[in-house]
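Asker: Can you keep this structure in mind? I'll have questions shortly.
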Amino acid sequence: MQPTDPTKFTDKAWEAIVKSQDVAREYRSQYLETEHVMIALLREEGLGQVILERSDIDTEWVLKRLMDFARQQPRVPAGSELYCGRSLDALLDEANRLRQEEEDQFISIEHLLLAFVGDRRIGQRLFRALNCDRQQLAATVKAIRGAQKVLDQNPENKYAALEKYGRDLTEAARQGKLDPVIGRDEEIRRVIQVLSRRTKNNPVLIGEPGVGKTAIAEGLAQRIINGDVPESLKNRRLISLDLGSLVAGAKFRGDFEDRLKAVLHEVTHSEGQIVLFIDELHTVVGAGANQNSSMDASNLLKPMLARGELRCIGATTLDEYRKYIEKDAALERRFQQVYIGQPSVEDTISILRGLKDRYEIHHNVKITDSALVAAAMLSDRYISDRYLPDKAIDLVDEAAAKLKMEITTKPAELEALERRLRQLEMERLSLKQEESLPLSQAPLQATRDRLQRIEAEIAQLQPRQQAMQARWQAEKELLERINSLKEEEDQVKLQIEQAERDYNLNKAAQLKYGRLETLQRELEATEAQLLELQAAGGTFLRDQVTEADIAEIVAKWTGIPLQKLMASERQKLLQLEQVLHQRVIGQSDAVAAVAAAIRRARAGMKDPARPIGSFLFMGPTGVGKTELARALAEALFDDENALVRIDMSEYMEKHAVSRMIGAPPGYVGFDSGGQLTEAIRRRPYAVVLFDEVEKAHPEVFNVLLQVLDDGRITDSQGRTVDFRNTVIIMTSNLGSEHILDLAADDSRYEEMRQRVLQSAQKYFRPEFLNRIDDVILFHGLGRTELAQIAQIQLRRVEKLLADQKIHLRLTPAALDHLVAVGFDPVYGARPLKRAIQRELENPLAVKLLEEVFTPGDTILVDLVGSELTFRAVSPAGTGDRDTVSAS
């Protein structure tokens with residue numbers, strides 16, 4: 001048979017024949033022979049190499065022998081005519097015969113390779129040397145091809161399709177590569193029940209992201225391996241299909257369908273031996289479809305799913321199931337829903353205990369049980385936008401990774417000692433060079449004295465550094481040895497399980513009572529050695545993940561301070577009133593109420609289902625309501641801008657409430673989220689200020705009812721936003737006229753309070769007021785408070801001048817004048833700010849521009865008549881340079 005008709009060959013086989021001509025020319029051969037075709041075939045990565053490798057044949061060795069043989073053949077001048085050799089003719093005839101035997105439509109690579117085994121020119125000798133015959137190679141080809149026939153010119157993509165596009169979960173379970181699945185017995189039993197049906201035996205696992213849907217499929221694989229399943233599932237293979245690999249590289253129309261059909265063909269021809277698992281099931285809807293055709297993966301699956309020819313487990317989230325699967329009623333009815341709920345905190349703790357060994361071995365650390373309990377409880381309480389057990393597992397994983405990173409780096413104490421030694425060594429070298437210079441007696445003696453002191457310090461520090469280094473190294477080596485023993489112990493346990501599954505009880509007993517016991521004794525001895533070393537000289541390396549490590553990770557994720565209180569912070573919380581009073585003058589009731597709420601929260605005494613505190617500040621304008629919120633933000637976060645401020649005057653219309661929680665679906669801005677909800681999602685631990693609440697439309701307060709009572713709100717996209725770690729402050733000017741009228745008379749304080757509360761009750765609904773922790777009255781400011789506020793305001797001016805290296809001092813008369821000009825009981829402290837700006841800042845700005853005062857001056861501000869005067873004085877207050885009036 002002459003190689004002249006490409007339509008009789010598959011694409012890859014014809015490609016090998018075409019390339020063989022280049023090989024023949026490379027070896028200056030006159031005839032195209034079998035060795036040239038085989039060299040071309042084996043140089044390319046493909047089915048030829050796979051068949052040889054699966055038959056335990058070294059491809060490189062075969063290729064080298066073929067090339068050596070080709071070099072020994074007669075050579076002709078370059079450019080000579082190339083003819084088809086008799087051996088190639090015979091090879092193609094034999095390949096064609098094999099094709100007919102297999103009922104294939106095209107000559108493929110495997111036909112050429114099997115025909116080459118009987119090649120009299122070189123093939124027979126080569127395979128005899130390898131001790132391999134055609135039957136062995138044919139068995140390998142059959143294992144790769146399965147039930148597939150060569151029906152088109154690109155059949156290689158369909159061979160071992162499941163191996164290419166799937167992952168065998170049962171094999172992974174047999175090798176111990178899957179994490180143990182703890183609990184979930186009811187859900188796994190329900191999946192087995194659906195799989196055991198005659199038709200529509202396809203469960204779909206539906207649940208929120210991170211609740212363990214994929215883990216249930218892995219748990220089923222482990223049960224199949226252990227034989228803990230009904231007869232209908234015993235010895236079955238559970239294969240996870242990777243749709244991404246199926247679609248990737250499918251350039252031409254029909255490629256994807258061919259690949260999927262090959263997978264389904266393998267599954268159906270396994271006669272129920274294969275159960276398919278499709279993670280992210282919603283991706284089958286629309287996968288592989290194009291503009292001109294609605295044929296996608298789901299439409300190829302439907303007939304087989306309905307007839308029960310294909311047993312398939314799907315997994316998807318609730319949202320994606322509703323969005324994709326429910327819309328296709330024909331696909332939905334072929335699957336039986338199995339709802340996977342979020343496990344409880346107790347179940348999560350059990351899951352973490354089951355996974356503990358895997359994470360300890362991976363990170364080379366120990367994880368305490370209290371850390372596992374803390375991970376489950378803290379993640380449930382503080383990480384509200386994710387689900388158990390996923391978020392708890394992530395916490396443990398990250399805390400262990402952080403500790404491992406600390407173990408692999410040098411201790412800070414040792415590093416500091418090494419830095420000091422390097423510094424001393426450099427100084428010693430410098431002084432040695434200086435000593436050799438021609439110096440007078442006094443400097444030379446000083447250099448020698450300094451050199452002597454440095455050498456004495458080096459002699460003192462070096463042994464300490466060496467001892468510390470040796471101890472750290474010994475501790476590190478012991479930890480590494482412990483981890484190595486644990487890994488080996490894990491492997492031995494896996495081998496014992498495998499031997500027990502295979503009923504090789506003799507091997508299982510040898511491992512269990514021989515190697516395993518030896519390893520456990522060695523592990524105990526090494527751990528005792530480590531404890532002894534740590535007890536003798538203290539520990540450098542902390543190898544245990546504790547509750548505090550978990551709390552630190554949660555704090556980093558959420559911004560909520562959960563770590564144990566440091567002494568400095570403890571003191572700060574006890575003195576929070578004094579800290580707040582540095583900025584807020586007077587208003588003791590308000591400051592005390594806010595400080596008490598913060599202390600309750602940090603001491604762990606707050607109601608876990610409500611915000612830290614919710615307050616309604618009522619009082620006249622300019623008395624410090626907004627300032628207290630800013631001062632609190634600065635006290636908690638060291639930044640007064642860490643304040644979520646919502647100006648309620650922007651919510652005067654009824655529809656403006658959508659800006660707070662997000663626009664409803666179909667409206668512009670739906671994807672942007674709400675001003676309030678997005679701010680708290682990003683920063684769950686915050687001070688939230690609703691300024692001037694009475695300016696908002698009454699309907700807006702309905703949104704806040706759930707926030708105040710349950711500490712949560714649902715935004716326009718259905719996400720629950722957690723307000724349990726926020727301080728909510730609302731300010732209002734309602735009833736301020738009663739405060740101003742009766743503030744001077746202390747005996748009528750209760751009457752004033754009742755009148756203000758009546759004003760609030762007239763405006764706010766009872767269900768709103770009833771949810772607030774405390775309604776706090778802010779008093780009007782007197783001259784004494786205003787004088788203190790003036791000093792705070794003047795410190796700001798002093799700071800601005802200090803940047804220009806100019807100092808500012810005011811006489812008591814000047815200060816009294818500013819307070820008198822700025823005093824207005826109706827408007828509070830704001831007129832004082834304007835008075836300071838008008839009387840002090842404006843004239844000063846002019847003098848600075850005129851260069852009357854220069855850097856280094858101290859400006860004394862005094863009152864002469866009814867005007868402020870400015871003059872430069874020496875720091876001691878004498879040596880006047882000039883006096884300048886404000887006018």
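Each residue, glycine too, has its Cβ placed from N, Cα and C.
According to Swiss-Prot, the feature region 'Repeat 2' maps to 84-147. Summarising the annotation, Swiss-Prot assigns region 'Linker' to 343-559 and lists similarity to another entry as the type of evidence. What Swiss-Prot lists as coiled coil is 393-535. The region 'NBD2' annotation in Swiss-Prot covers 569-780. Annotation source Swiss-Prot lists ATP 2 binding site at G619, P620, T621, G622, V623, G624, K625, T626.
Thinking about packing and proximity, how do these listed features fit into the structure?
Answerer: Taken together, the residues of the region 'Repeat 2' (84-147) have an average pLDDT of 81.
Mapped onto three states, the DSSP output places G624 (ATP 2 binding site) in coil.
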Asker: Would you mind ranking the binding-site residues G619, P620 by how many other Cβ atoms sit within 10 Å of each Cβ and giving me the lowest?
Answerer: P620
Asker: Quick one: of G622, G624, which of the binding-site residues has the smallest count of other CB atoms within 10 A?
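Answerer: With the binding-site residues G622, G624, fewest surrounding Cβ atoms within 10 Å: G622.
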Asker: Within 8 Å of the Cβ centroid of the ATP 2 site residues G619, P620, T621, G622, V623, G624, K625, T626, which other residues of the same chain have their Cβ?
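Answerer: Here the nearby residues are F617, E627, T731, N733, F778, G828, A829.
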